[in-house]
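Have a look at the structure below before the remarks.
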Amino acid sequence: MAGGAATAGHSQAAARRLALAGKGGWAGLVHNRRIFAIAVFASLGGLLYGYNQGVFSSVLTMYTFDQRMASAVNDPGTKGWLVSILELGAWFGVLNTGYICDRLSRKWTIFSAVFVFCIGVIVQTCAYQPSSIYGGRFVTGMGVGALSMAVPLYNAELAPPEVRGSLVALQQLAITFGIMISFWIDYGTNYIGGTGSTQSEAAWRLPLALQLVPALILGAGILFMPYSPRWLISVGRDDEALAVLSHARRLAADHELVQIEFLEIRAQVIFEKEISQEMFPQYQAGTFHDDLLLGLHSYWSLVANPVFLRRTAVGCITMFFQQWTGVNAILYYAPSIFGALGLTGNTVQLLATGVVGIVMWLATIPAVIWVDDLGRKPVLISGAFLMGACHIIIAILTARFQSDWGAHGAAGWAACALVWVFAMGFGYSWGPCAWIIVAEVYPLSIRGKGMSIAASSNWMNNFIVGQVTPTMMTNITYGTFLFFGIFSLLGGFYIWFFVPETKGLTLEEIDEAFGDTSGTAIKDQEHQAVIAKRIGLEALIEGRGSNEFSDQEKKMNIEHV
């Protein structure tokens with residue numbers, strides 16, 4: 001009974017904060033210019049990630065790049081490594097980012113990642129041998145992997161709760177926007193000196209070098225940004241955290257809204273520390289050795305604990321199927337694929353590739369607006385079946401007409417159009433929604449670690465897809481599309497039968513959906529509520545008197561509970 005009362009008090013605090021905060025979502029971003037600046041800053045990380053994903057696909061087909069790197073480009077195996085080694089670096093980078101973020105702070109982790117990223121870009125831009133491309137892309141990947149985790153984490157912790165969803169949406173839009181502009185920049189630079197033997201090497205060096213522009217802006221901008229208030233509280237710098245929240249909100253430090261947000265963050269930090277002490281009391285000395293063992297055992301618990309295992313499996317398998325839809329095979333090798341589908345001329349192939357970026361970006365816009373109304377499962381399942389159908393029809397067309405595309409131009413253009421439909425299908429479904437569902441299936445006590453494992457699964461499968469695609473396109477041709485089509489369909493069936501719908505579910509319902517009879521999520525909530533009462537958050541709300549709550553606040557409180 002006491003736990004229920006504490007939980008209600010904690011819910012009242014959340015309702016009061018939401019009432020004081022004013023507008024949320026996109027309107028909240030526009031209304032609060034400092035928060036909007038944070039959102040724009042967040043989009044730089046997404047833009048950099050997306051641009052890096054898309055830029056190399058068209059570079060691979062440029063005449064001067066082929067002449068310079070022929071020993072690597074002309075062999076399917078080495079060509080796969082040329083592309084996928086970046087994902088291997090990103091996988092390594094993302095695995096180390098959590099610990100570095102906690103040690104150095106989110107802010108300095110981002111700066112360090114930008115520095116590493118820029119070194120890799122410079123090495124690639126100045127490359128004269130394939131070995132420099134390999135090394136440069138691995139180093140760049142380490143930076144990309146670190147940024148893909150650290151930038152969203154930093155911005156989510158700095159922004160107030162009512163606009164965090166919009167930050168996620170803006171981040172996804174920025175990624176697809178980065179993919180789109182990379183394709184069109186490649187299309188434009190392909191003309192430097194001509195498209196054949198007269199082409200200048202600037203045609204491929206320039207688009208690679210342009211990655212430095214958003215990276216340097218991000219690296220310079222982070223120096224003028226505050227530390228994450230959550231990190232400040234975690235290292236005992238509470239006064240600085242309060243000052244950061246006050247500045248971001250443009251309110252006095254003793255304002256009720258600032259105090260509620262400060263105490264909520266403090267409660268969260270205390271909760272995580274107490275969970276760690278409860279689960280692993282033997283590794284709390286704070287030494288490097290204990291921190292290392294604490295991290296290893298914390299991650300191992302995601303597999304060893306049956307309660308956590310199914311949730312961990314959902315996160316990793318969802319990311320597995322996201323990559324095995326073949327989306328990054330399309331992004332990395334689009335010009336080559338369009339060539340295989342009968343489009344002649346490198347310029348035409350690059351032009352068709354540019355359309356991929358446009359339709360994917362446009363399809364993402366309605367997804368981030370309406371996903372909360374439609375639910376996660378319908379969006380993911382429909383996207384999987386649409387992508388699977390596109391792959392399978394392309395495979396049929398390729399099997400029938402690949403021996404003489406010239407005599408079957410309509411079939412070739414139909415196959416190309418299906419690639420664009422595929423990009424649209426991914427843009428509205430598995431692009432944004434896979435990350436949303438992964439974030440929602442974990443209880444609070446393991447959410448951070450669960451998300452990092454899912455992210456590493458994403459990058460590792462990304463690496464494998466990039467590695468095997470050239471060999472598959474060479475050896476099994478149309479079978480490549482059939483393969484990815486089958487996996488797209490399997491991904492849809494997996495979501496249908498094994499992943500619960502998380503839209504609108506209460507914590508009890510999420511626990512029940514995963515067969516968690518111990519009620520992990522509810523225990524987490526009650527534990528948080530006890531901490532909130534202990535540190536004075538509940539007293540702050542009760543001090544106003546229950547009669548001071550507006551009808552709107554009461555309604556939000558009922559909905560929250």
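Each Cβ is built from the backbone N, Cα and C atoms, and glycine gets one as well.
Owing to the predicted nature of the structure, the values given are computational and were not obtained by experimental measurement.
What TrEMBL lists as transmembrane segment is 35-52 (among others).
Marked as domain 'Major facilitator superfamily (MFS) profile' by TrEMBL: 38-503. Within the model, the domain 'Major facilitator superfamily (MFS) profile' (38-503) shows a mean pLDDT value of 87, rounded to a whole number.
The transmembrane segment annotation in TrEMBL covers 81-101 (among others). Long-range neighbours of the transmembrane segment (81-101) within the same chain, counting only residues 6 or more positions beyond its ends whose Cβ lies under 8 Å from a Cβ of the stretch, are 52, 56, 60, 69, 72-73, 109, 112-113, 116, 120, 130, 133-134, 137-146, 148-150, 153, 231, 291, 295, 332-333, 448-449, 452, 455-456, 459-460, 462-467, 469-470.
The transmembrane segment feature in TrEMBL is assigned to 108-128 (among others). Long-range neighbours of the transmembrane segment (108-128) within the same chain, counting only residues 6 or more positions beyond its ends whose Cβ lies under 8 Å from a Cβ of the stretch, are 45, 48, 68-69, 89, 93, 97, 100-101, 135-144, 146-147, 150-151, 154, 205, 208-209, 211-212, 215-216, 218-219, 222-223.
Residues of the same chain lying 6 or more positions beyond the ends of the transmembrane segment (134-154) and with a Cβ under 8 Å from any Cβ of it are 42, 44-46, 48-49, 52, 56, 72, 81-82, 85-98, 100-101, 106-107, 109-110, 112-125, 127, 167-168, 171, 211, 215, 218, 228, 452, 455, 459. TrEMBL lists 134-154 (among others) with the feature transmembrane segment.
The transmembrane segment annotation in TrEMBL covers 166-185 (among others).
With a cut-off of 8 Å between Cβ atoms, the residues of this chain six or more beyond the transmembrane segment (205-227) that come close are 41, 44-45, 47-48, 51-52, 55-56, 58-59, 105-107, 110-111, 114-115, 117-118, 121-122, 124-126, 140, 143, 147, 151, 158, 182, 185-186, 189, 192, 237, 240-241, 244, 247-248. The transmembrane segment annotation in TrEMBL covers 205-227 (among others).
Annotated transmembrane segment per TrEMBL: 350-371 (among others), in sequence order.
Taking Cβ pairs closer than 8 Å, the transmembrane segment (377-398) reaches residues 321, 325-326, 340-341, 367, 371, 411-412, 414-415, 418-419, 421-422, 425-426, 428-430, 433-434, 437, 477-482, 484-486, 488-489, 491-493, 495-496, 499, 501 in its own chain, all 6 or more past its ends. Under the heading transmembrane segment, TrEMBL lists 377-398 (among others).
Feature annotation from TrEMBL assigns transmembrane segment to 410-430 (among others).
Marked as transmembrane segment by TrEMBL: 476-499 (among others).
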